[in-house]
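Colleague: Found this in TrEMBL, in case it helps:
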REGION    1-37  region 'Disordered'
COMPBIAS  12-35  compositional bias 'Acidic residues'
REGION    68-94  region 'Disordered'
DOMAIN    80-214  domain 'BES1/BZR1 plant transcription factor N-terminal'
COMPBIAS  83-92  compositional bias 'Basic and acidic residues'
REGION    145-185  region 'Disordered'
COMPBIAS  151-176  compositional bias 'Low complexity'
ACT_SITE  Glu439  active site, proton donor
ACT_SITE  Glu635  active site, proton acceptor
Amino acid sequence: MATDMQKFVGTSEEDDDEEMDMDVKEEDDEDEENGEKDIAAQVMMGIDGTMASKSGKNQFQHYQQIDEQVSTPGGGGGPRRSRPLEEKERTKLRERHRRAITARILAGLRRHGNYNLRVRADINDVIAALAREAGWVVLPDGTTFPSRSQGSRPGVGSSAGVSSSSPHLVSQQSPPTSIRGESSAYRTSVEYNSWRMKGVFMPNPSPYDISANAQSQISAMVGDGGEQTEPHPLIVGSFDNINDKQTINIPPKLPERDFSGTTYVPVYVMLPLGVINIKCELVDPDGLLKQLRVLKSANVDGIKVDCWWGIVEAHAPQQYNWNGYKRLFQMVHELKLKSQVVMSFHECGGNVGDDVCIPLPHWVAEIGRSNPDIFFTDREGRRNPECLSWGIDRERVLRGRTAVEVYFDYMRSFRIEFDEFFEDGTLSMVEIGLGPCGELRYPSCPVKHGWRFPGIGEFQCYDQYLLKSLRKTAEARGQPFWARGPDNIGSYNSQPHETGFFCDEGDYDGYYGRFFLNWYSQVLIDHGNWVLSLAKLAFEGTGISVKLSGIHWWYKTASHAAELTAGFYNPSNCNGYASVAAMIMKHGAALNFSCSELLVLDQQVDFADALADPNGLAWQVMNAAWDAGILVASENALPCHDRVTYNKILDRAKPLNDPDGRHFLSFSYLRLNPLLMERQNFMEFERFVKRMHGEGVLDLQV
């Protein structure tokens with residue numbers, strides 16, 4: 001790991017200790033007088049410019065010394081000297097240069113070191129990641145101590161155990177929680193009892209839902225005959241060097257469910273977002289063909305790809321360019337793979353995981369400049385051009401067409417263009433984009449407007465068309481003064497208890513609150529109903545699906561505030577997903593739910609403080625779908641390369657002891673990238689595919 005880090009860390013010996021700062025920021029400081037400087041690079045480096053591999057104790061003493069240097073610049077406690085303007089300008093330039101270096105360091109850590117660092121990571125995030133790699137336990141409040149099972153750590157000259165800062169690592173170091181994700185230390189003022197109210201089926205815990213202590217003892221794998229294989233990058237082991245030979249202490253094998261003979265669940269791999277460029281050309285077809293052949297060798301059933309509205313109908317209404325997709329589907333057909341496609345009526349860029357920028361069609365943007373109310377709008381009047389407002393679904397504001405007519409024309413063009421691939425089964429499923437990120441929800445948590453997890457978000461109903469709908473509904477109710485949005489909801493990053501609307505016994509459960517939330521959620525259901533009715537017509541004879549995301553934070557509160565702003569009327573005394581499921585079932589569509597692996601504990605905040613329950617939410621949504629007779633598909637919401645995460649997905653895909661024998665319709669892996677193609681990662685993925693297919697797997701033994 002140290003060698004890998006040195007490739008992208010670089011050296012910074014010329015850094016002036018007097019000008020270091022503990023925060024990594026992307027924007028320039030307005031006040032250059034302080035002369036604050038980043039030290040992320042120095043933390044990653046030893047004194048001689050190489051990675052320091054100290055014991056946990058010495059490592060943290062080193063961090064404390066750095067902290068003291070920052071708090072007392074130059075080692076003294078006196079005030080900074082006044083510097084001339086030219087020196088301040090030079091400092092500003094050095095500051096920008098160092099921040100650029102820091103950004104590249106953090107990007108390298110995320111990409112190559114498997115550190116899940118947020119976009120604006122600070123030095124605490126880096127220190128915590130290094131401490132965990134050294135075998136220490138770092139609690140959310142910063143309390144740090146050696147792991148009980150750690151024992152003595154290798155010295156500087158020995159080979160350190162392989163570890164990871166993948167999402168699964170945090171669960172190793174956190175107190176064990178129940179399968180519902182409910183910690184006894186965190187309760188709302190109203191006792192969390194939504195399971196009894198909503199009648200959710202919860203399967204028995206699987207044998208590989210291991211405790212935190214057990215997880216920390218998983219070791220590296222060894223091949224037959226005692227020959228050492230490459231250590232698993234996501235598994236912690238105990239290594240010692242004896243006479244230049246490496247010995248490995250291997251604890252008992254982790255018990256796992258046997259999925260041999262179980263139902264066959266197809267596995268698809270989502271292609272990169274930028275596989276088709278803005279000119280609708282297939283990017284690097286030769287490289288993609290090689291990767292598809294590798295996937296074929298692992299018996300993957302097919303691929304999944306976004307068909308971007310902003311690429312295909314970019315320049316003029318009803319002028320479609322499908323060239324890149326033609327070449328892609330022909331390639332898939334020749335390899336005898338299948339393809340699922342997403343009708344992506346939203347923009348790409350600005351959300352977590354987006355590495356390309358694909359805006360809405362240019363002609364739509366031109367309309368938006370003269371009539372910005374075609375976009376979702378928040379209470380402050382900020383527009384969100386990520387997708388079109390549902391208020392114009394039946395308004396002829398898009399050069400003579402309504403929004404749903406635009407969607408239908410696009411889908412019909414796709415069906416006609418690729419008729420041969422529909423007929424031979426190459427195109428097996430069409431997912432209909434219904435909102436931001438292709439999901440059926442309001443864009444209530446836009447990062448571009450300052451939202452950060454676990455903020456409750458804001459209602460997005462302040463464009464003139466949705467306000468007209470609200471006014472009409474309020475007048476029909478006989479309460480015209482209810483034709484307004486609530487004014488005590490806080491802001492994007494508020495917490496429920498900080499608001500008068502979402503707090504326990506807040507206005508959300510009053511007469512006006514129930515009226516507004518019913519209207520708000522009904523707009524979501526009506527949008528899905530109108531678009532799916534036309535999608536069913538366009539793709540007659542082919543399966544269609546709808547994607548829902550898991551809005552799991554604040555699920556353990558009475559109001560479920562984050563779900564309410566996203567359009568799901570799902571407080572603790574109401575099953576808000578039943579009406580959504582009924583709408584989907586009406587059109588014979590499947591449900592794609594993107595919260596299956598549940599390894600969301602690696603947030604850069606105290607996860608328990610968000611009162612989240614992704615496990616509980618997942619079972620509520622899936623039970624609502626299954627009870628309505630809907631087929632359920634899924635995909636991973638976070639990167640996945642380790643066996644523990646795969647096991648959780650398998651357990652969700654094929655619930656243990658389900659009395660009705662229910663299972664996933666299919667599973668989509670997000671996504672194809674070089675990290676997946678690394679040898680050890682791909683071996684784990686191939687093993688996962690076999691188990692999803694109901695095949696037996698034979699593990700290597702010592």
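Numbers run from 1 along the shown chain.
The backbone N, Cα and C atoms fix where each Cβ goes, and this holds for glycine too.
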Colleague: If I take the alpha carbons of Glu439 (active site, proton donor) and Glu635 (active site, proton acceptor), what is the distance between them in whole Å?
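Modeller: Roughly 13 Å, rounded to the nearest whole number.
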Colleague: Please give me the CB contact count at 10 A for the residue listed as 'active site, proton acceptor', counting all chains in the structure.
Modeller: 23
Colleague: Relative to the Cβ position of Glu439 (active site, proton donor), how many further Cβ atoms are located within 10 Å?
Modeller: 21
Colleague: Determine how many residues of the compositional bias 'Basic and acidic residues' (83-92) DSSP places in helix, in strand and in coil.
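Modeller: Helix, strand and coil residues of the compositional bias 'Basic and acidic residues' (83-92) number 8 helix, 0 strand, 2 coil.
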